[in-house]
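See structure below.
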Amino acid sequence: MKFEDRILNKSIPEWKFYNINYEKLKVAIKKVTAYDYDNPNDSGMEKLLNQCSVAFDQEFQNVNLFVSLKIKEISTRILSVESSIIDFSKGLNKTSRNRFNLRKLKIINAHVDDCNFELQLLSRFLIIQRIALRKLFKKLLNEFPQDSENPLTASEYVTSIRNSESLRNGHEGISFMKLDLDPYLLEVSLIVDVLHDLENKLEDATEPAVEQRSLNRSDESAHTSSSPEANNSSLPASPRSIPLLSNKKTSKMIDSSLEFDTALIDKAENLGRFLLSSEDIEGLKFMLLNIGFRIIDDSIISTSKEILDTTDNINSAGNKSIRSAKSFNDLQHTLSLSKQKNILPSAVQSNEKYVSISILDTVGNEGSPLLLTDDNINQHPNMIVSSTAEDTCIVMCHVGGLRNHVVTNDLLLRDVKNILSAMRSGNDTKNISALINSLDPSPISKIALEWIQSHRLKTIEPKLDFKRTRFISADNGDIYLIALDESITIGNVSTLPFPILEIKKLSRSSGLSQTAINEDNKFKQLMKSVVTNEFQCSLIPPDLTTWKICLELVHSNELQNDLFQLLLRDQYKLNSDDSLSPDEFFQLGKDRLEEEFDLTGPINNSQGSVDSGRRVRIHKKSKQSDNETKKKPIRYWNEFDEQEEDNLDNAFYIDTNGSRSTTDNEESLLLRNSPPDYGFILFSRNFINRTYDFCEKLRNLIRHDKKTSPDLFQNSKHPHCSSTNYGSVASFGSQSTSASYDDVQRYLQYQQQDIEDSQSIYEYRHDEVVTFLYLSALLTSCIMASVCLGIVLSLFRGQSNNEIDLEIQNILIAIIIISLLVSLILICACLLLLFSRFTLAPIWHYVGCFTMFFSVTGTVCYGMIEIFF
């Protein structure tokens, strides 16, 4: 498919007429590149270049005009929402119904969602325009003619277009190439935080009101219960994409960037790590806001709290100073003019705060850190996480053992640097210990500092610096953390060309298996949103953490190609000289993402065949070769196998997902995954077991079977019980015999239960129950058809139809018709049940069932003919 058609397919349908006219610019470029110097009829080269520049300039002006108007429209709506929040905050202290206030919040939240959705569409629109322009520039650079009559080079001409007034400054200072939507993202996130805090404030105000209402007189309470205020327990969830959080406990567990980063590297379970295309960063951020995630930013959190704290001051300031406030910024300016305390901060600044990671290792491991060879250390290495804007830091030490690692965030960065500097200077151990004790650290912090001291750890190169955007969402008691790391710089030398998206979960249950991760509803919703919005991303293997990727690529000369080789080495066979383009790499990532999480992306023919346009042939590694390289589980002398010798390679463990051992959930899942039932009629396992037990009880009742054979252990127990024992030794022996008997009985019960739960026993019971059902249906159908046939013959053949005079003739005919139809349904169900067995039935079952089927069918047809004709 042509590139211009791909632009139309990817663009927003309502805005497709505002896209860059790719076809028009391509024709202008083609005239320049196809210039024939030998043809005197062709126009001059300079004229063609001017025409091409004018065409570019016109398209830039059109796109810039639309973007300028759209961003101003969104800004106006955001200011209107902020003004509504200010008015709402001013009226909170007045007497008003909480249900009415919550409804107002819901309406404001709907407008916020509209603004966020418009920003997401605008982000997608800008990405499409930038891709189209980059494609056009690439075409110019590759096909630009060079001749003595045209001394201008391709790069110079493209640079002149890039530096044009319409592209640099845009329309009224807004250019689609330079427009940054991050400030709008922070502003929307601030509004969402204020709405959450206002909702929590309303809920807190409702609780004492309910207590006071319970102390009122009975007539007043009766009147109150009938009023709308009594039914304000909760409003239905907002149908919009940005929900109002009602769970205050989960939303306040992590309320700072420091706590977020601590939880991210400490107790959070990894759900997935992805390499994201740089073009989809802004769109992904707005999409996360749409599906209920909130941004964790210290400036936003502090601003939200201070806005709520100013409610009383706003009310006391008078209408004169508040009347003209149209936004949070105007409100702060108005309050400063009235010489009040500077209680509201200025606009939420998008000042770039970078996160730094310094890896700690022992002396001599600078060239090959331990985390490159040990995956346990790789997941929780010795490192220091700090921020450029704060003096606090996070220290993590891999101590091993049951604790595995310790993490602390109550140390100052300068104190940790002083200790590391003292160790490098060769200070005495006692002096360093005294320095540690002088800090008065917490127990965990002291363990971390003493670990650094005892193992003589020091910072190694390279140092990692990156910009981090944090998102959080609470769902069913679980907290989901998303970290988007951009501009990852490796030792101030090189920068990763793509950001890394990391998704983790603070779960109530630890140790998530891969099956549990893939079945996580929130994570699955997130992955579906990524595929639906056509974001380009690729799943990173779990063993490749951000710091390991950077350490692997620290000496790379071709960073992008080596990064692709590193991420694909476990799934695909690539030669060292193979070079993938970003589109090819992310297409492979999309295929794996859909396969890994059982997702189906939108049908997009614009992508074309992946293999058809690929410059490098890629062969996927077979899973069999991967399984062969895995180590077999270690067997010990006291392990016994009760399975067949050829089952699971004589392994004691049930080895699933390539792990050394399995959890109880995985074993139960493996046992539940029985061979599928392909019968015509399917039954639940519970129904089969209950029906079989009922049939057994009925059979025993008919045969008058009784349990006449006592247990072997019960017979052997009576002689010991009948004999008289004296003394403590005899008494102890009697008690131990009784205890061992109970243990054996319980063991036999468990063993019997395991046997009954096995697949072979279930198949046997299934066939027995199905046999009982189809034989019963066969017998019932034959009896009903025979009785109906006798009645029909006696009524319609015994005498003439005109002589039949019965008062209940119509009722009798209806009963006969219904009985014939029921017998036909039963005989059909009999055949379906016959072919629903796991094993083949005896041959006489098939002969008898088919014979009776044709007989009953003929009887039904004959009866219907006699009745109606």
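Any Cβ shown, glycine's included, is placed from N, Cα and C.
Annotated features in Swiss-Prot:
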COMPBIAS  223-236  compositional bias 'Polar residues'
DOMAIN    1-154  domain 'SPX'
MOD_RES   S238  phosphoserine
MOD_RES   S241  phosphoserine
MOD_RES   S316  phosphoserine
MOD_RES   S324  phosphoserine
MOD_RES   S327  phosphoserine
MOD_RES   S609  phosphoserine
MOD_RES   S612  phosphoserine
MOD_RES   S668  phosphoserine
MOD_RES   S760  phosphoserine
REGION    205-242  region 'Disordered'
REGION    599-629  region 'Disordered'
TOPO_DOM  1-771  topological domain 'Cytoplasmic'
TOPO_DOM  793-810  topological domain 'Vacuolar'
TOPO_DOM  832-848  topological domain 'Cytoplasmic'
TRANSMEM  772-792  transmembrane segment
TRANSMEM  811-831  transmembrane segment
TRANSMEM  849-869  transmembrane segment
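Taking all protein chains in view, 9 other C-beta atoms sit within 10 angstroms of the C-beta of S760 (phosphoserine). Through the fold, the topological domain 'Cytoplasmic' (832-848) approaches residues 677, 679-682, 763, 766-767, 770-771, 773-774, 777-778 of its own chain, all at least 6 residues removed from its boundaries and within a Cβ separation under 8 Å.
Sequence-distant contacts of the transmembrane segment (849-869) (same chain, at least 6 residues past either end, Cβ-Cβ under 8 Å): 774, 778, 781-782, 785-786, 788-789, 792, 796-797, 813, 816-817, 820-821, 823-824, 827-828, 830-831, 834. Mean pLDDT, taken over the topological domain 'Cytoplasmic' (1-771), works out to 72 on the 0 to 100 scale. Break the topological domain 'Cytoplasmic' (832-848) down by DSSP state and the numbers are 9 helix, 0 strand, 8 coil.
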